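Engineer: Among the features that TrEMBL reports, substrate binding site is placed at 45, 46, 47, 65, 66, 67, 117. Sequence annotations record features per position, and here TrEMBL assigns domain 'Fe2OG dioxygenase' to 95-194. If you look up TrEMBL, you'll see 102, 104, 114, 173, 185, 189, 191 marked as 2-oxoglutarate binding site.
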Ligand SMILES: O=C(O)CCC(=O)C(=O)O
Ligand SMILES: [Mn+2]
């Protein structure tokens, strides 16, 4: 069952059990094992930091994106990713040409506040976010209007979250560290690079 989150200036849909536990378990195992996970370094305030998660990026050839000043080329689609992409496209009513994968090894892995607003995603990007493994809290905050309360969604195993329309202009999101969510989690965000 899909629900629309009641947030101003946002178009966000959530399917808590988009994948069955059996499918989710299969994808968690397969993706953990077969994806070319890497831990990138970023430069901030003149210092290098390891990102607090592992990442990988797959997509159609020629669809590069800029990341902390480096141009990244996607790896060619793994067979296990293609049926996933298809079912997510059917639900979203939108075609994707790349996927960013995040591997949160434990509760101390995280992602800070940001919007998915890189120029190569275009004006009103459709972003489909799939989660497998440990349930984690996903926070949303309004970028301009500080009177709008912060919102949280539990991204549980097998869930699909769809962000579209003006969402990225008005909202930021984060995946905070959590001592209460120690297990591993994979997140896939399907995207369309222009
Ligand atoms: O892990 C998540 O649920 C968030 C991932 C995310 O925001 C991103 O990859 O841009
Ligand atoms: Mn994001």
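Glycine is no exception: its Cβ is also placed from the backbone N, Cα and C atoms.
Automatic prediction, not curation, is the source of TrEMBL annotations.
Explain the structural surroundings of these features, please.
Structural biologist: The number of other CB atoms found within 10 A of the CB of residue 65 (substrate binding site), across every protein chain shown, is 20.
Classification of residue 102 (2-oxoglutarate binding site) by DSSP places it within a strand.
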Engineer: To the nearest whole angstrom, state the Cα distance for the pair residue 189 (2-oxoglutarate binding site) and residue 117 (substrate binding site).
Structural biologist: 13
Engineer: Count, for each of the binding-site residues 66, 189, the other C-beta atoms lying within 10 angstroms of its own C-beta, and report the residue with the smallest count.
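Structural biologist: So among 66, 189, the binding-site residues given, the one with the fewest Cβ atoms within 10 Å is 66.
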Engineer: Got a sec? Which of 66, 117, 189, the binding-site residues, have CB under 6 Å of any ligand 1 atom?
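Structural biologist: By the Cβ criterion, which requires under 6 Å to ligand 1, the hits are 189.
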Engineer: Sorry to bug you, but what's the C-alpha spacing from residue 102 (2-oxoglutarate binding site) to residue 45 (substrate binding site), rounded to the closest Å?
Structural biologist: 24
Engineer: Out of these binding-site residues, 46, 104, 173, 185, which one has the fewest other C-beta atoms within 10 Å of its own C-beta?
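Structural biologist: Among the binding-site residues 46, 104, 173, 185, the sparsest Cβ neighbourhood within 10 Å belongs to 46.
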Engineer: Across the domain 'Fe2OG dioxygenase' (95-194), what does the mean pLDDT come to, as a whole number?
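Structural biologist: Taking every residue of the domain 'Fe2OG dioxygenase' (95-194) together, the mean pLDDT is 97.
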